[in-house]
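According to Swiss-Prot, the transit peptide annotation covers 1-63, on the basis of sequence analysis. What Swiss-Prot lists as domain 'tr-type G' is 99-385. What Swiss-Prot records for 108-115, 183-187, 237-240 is GTP binding site, and it gives sequence analysis as the kind of evidence.
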């Protein structure tokens with residue numbers, strides 16, 4: 001940074017100081033946009049507050065001197081104004097607040113005990129006064145399952161947010177940590193709830209079953225955590241179950257999830273005799289006493305029969321840490337033993353850097369060893385200041401900008417979830433930078449509209465606690481803000497936007513209509529609400545049949561919405577047979593030369609397009625989206641007409657010629673053509689391209705693609721033959737089988753079309769003891785006979801409509 005820029009920055013800083021003192025909006029806006037080597041004068045402002053003092057309350061000469069000193073340091077050392085440097089120099093109160101904040105999610109395979117574990121967390125932190133179980137066995141149900149359907153079915157359908165304070169003993173005294181927690185669904189049909197939770201969280205607890213270990217949805221959750229770079233600790237639950245084998249689960253984390261993992265604990269007993277754990281770092285035995293395990297008892301007396309195992313597992317922990325942390329590696333190579341503090345610091349570093357996951361174990365249902373998991377959340381998961389969160393600066397071609405969890409900086413937040421409540425739309429927001437205050441005006445980066453925040457609440461499942469302000473790094477909900485999921489909000493001075501969450505495409509559809517016309521209004525309200533709340537739930541009206549079509553992630557997903565419509569809106573509906581989301585593609589290169597020519601007196605239509613269609617070779621992730629390219633030379637087609645050609649191509653790909661389903665893996669090139677001085681128009685070229693596409697597509701040996709689902713089935717070993725028979729009837733491809741002492745797990749790619757009704761057949765084949773889960777894997781060519789039937793049925797339906 002040149003000294004000229006430093007001088008300009010100091011001047012900007014001084015101007016900003018006056019603006020902040022006088023709260024002049026225009027001056028403040030200019031201040032935020034002052035150029036200081038791409039960092040903006042706002043960092044200079046912050047720099048002038050370093051060292052825990054608000055230097056803007058001092059004289060102008062001192063203020064400018066402090067700013068100049070900071071900026072001169074930045075000129076010599078660019079790292080002086082990095083996020084880390086700012087965090088290191090926050091005032092003591094702000095630094096201490098951030099250090100004690102944890103934003104975490106609990107995620108796992110279905111029925112691994114997420115909600116049960118969350119219930120214990122809330123009880124042990126004093127957030128609830130009594131423990132209630134999943135499925136509403138005591139007519140109350142778990143706190144985080146607030147929907148009636150969740151309590152009936154015993155599954156989590158919507159992610160639920162809460163907050164609590166955990167008193168952790170550090171250096172002989174209690175330290176209070178503030179935990180924002182989101183409990184997520186385990187069923188793949190509700191995967192969007194996991195996606196949007198992990199998008200805004202700083203860390204996670206991945207729960208595994210001590211018997212089943214890594215399961216299909218565990219692998220999906222692992223993939224989602226990697227997508228958003230979320231550090232995790234692992235908690236092996238259900239240690240009291242018959243067949244519990246925690247070290248097998250640790251081995252599966254290493255092998256199947258391919259992330260280095262090591263146990264921090266050894267169980268004291270197992271199955272019915274599970275009684276506590278040995279902490280391998282401090283080498284202490286930990287027991288839970290009291291009616292609900294609320295009293296923690298620690299002792300130096302490790303059971304004699306476990307001493308050798310504990311020594312082996314502690315050595316393995318140190319060896320694993322040496323592979324992922326340089327400091328422990330040096331100690332290990334010097335054949336020394338790391339101290340407790342060195343081990344904990346190394347686990348924290350490696351976990352936050354996504355190089356390692358520490359593994360704890362316990363039984364939430366038996367009220368054992370949940371508190372040590374809470375200690376691990378505080379010890380090993382990051383606080384908001386330790387996570388890199390990026391925004392995109394619209395002024396600089398969407399260059400990434402680091403956000404800093406500091407209350408004094410301009411506000412930046414992300415709306416990640418919407419819910420309808422009795423008081424209107426409830427919008428969940430993660431505050432990444434600055435603070436959000438009641439009555440504050442914020443700007444939606446997508447719509448460029450200003451909105452006022454009338455009310456801020458903290459959520460405790462379905463209960464609300466109103467607050468006047470939320471600080472940086474926190475999660476809250478607001479009322480009265482019209483927005484979409486994934487919208488970025490700022491204070492108006494920063495042209496920032498943030499990337500949204502990944503939204504998978506639906507794989508199943510069905511037609512739906514109210515049974516009576518008088519329910520039409522409520523039916524429309526329900527459709528609009530469900531679409532706003534859930535990005536994976538799609539609604540459209542078929543242009544030809546005029547039927548309302550809903551699409552989602554699976555049968556259960558759509559069944560839940562149909563049931564919610566009946567319960568929440570009192571609308572009885574009729575649904576059609578579920579329809580698979582097929583795709584279409586070509587397999588051969590086809591050249592086209594098509595002319596559209598219409599003359600009806602006066603101005604006519606004329607457009608000639610020349611080029612070719614060709615298949616895009618499927619990659620490791622399957623069929624790619626269809627693409628368009630123009631290679632016209634000599635100006636035979638003008639740019640505006642080429643743009644119309646592309647629009648025609650994209651419109652054609654939305655509704656393919658074979659079945660009316662979207663087109664994948666097809667590349668169109670327009671390399672020549674002709675225009676007419678008066679008869680050519682954008683509409684003519686769009687129509688000509690669509691006609692050329694349809695004709696060429698049918699000449700390119702087209703195929704129907706069907707979705708294949710990665711299906712995981714678990715059942716007792718005696719039913720293995722029955723299940724293999726069921727899959728063979730469906731032409732499934734078995735990719736993996738794992739046989740345990742009692743149960744086996746089978747993984748196969750199955751056609752979604754063949755899986756309708758599989759649930760009832762599986763129950764019959766396993767006497768109700770089998771379970772299965774599906775998630776979308778990839779598209780593949782459908783069997784030839786099925787393709788013929790589908791095309792024939794589609795053509796017949798089209799002909800019938802034209803007759804009408």
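In case you wondered, yes, glycine gets a Cβ from its N, Cα and C as well.
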Long-range Cβ environment of residue 184 (GTP binding site), under 8 Å and at least 6 residues apart: 105, 106, 107, 114, 156, 159, 193, 194, 197
Candidates 114, 187: member of the binding-site residues with the richest Cβ shell (10 Å): 114
Around the Cβ of residue 108 (GTP binding site), the count of other Cβ atoms that are within 10 Å: 27
DSSP state at residue 184 (GTP binding site), helix/strand/coil: coil
Those binding-site residues listed as 111, 239, and which of them has the most Cβ atoms within 10 Å of its own Cβ: 239
Helix, strand or coil at residue 239 (GTP binding site) [DSSP, three-state]: coil
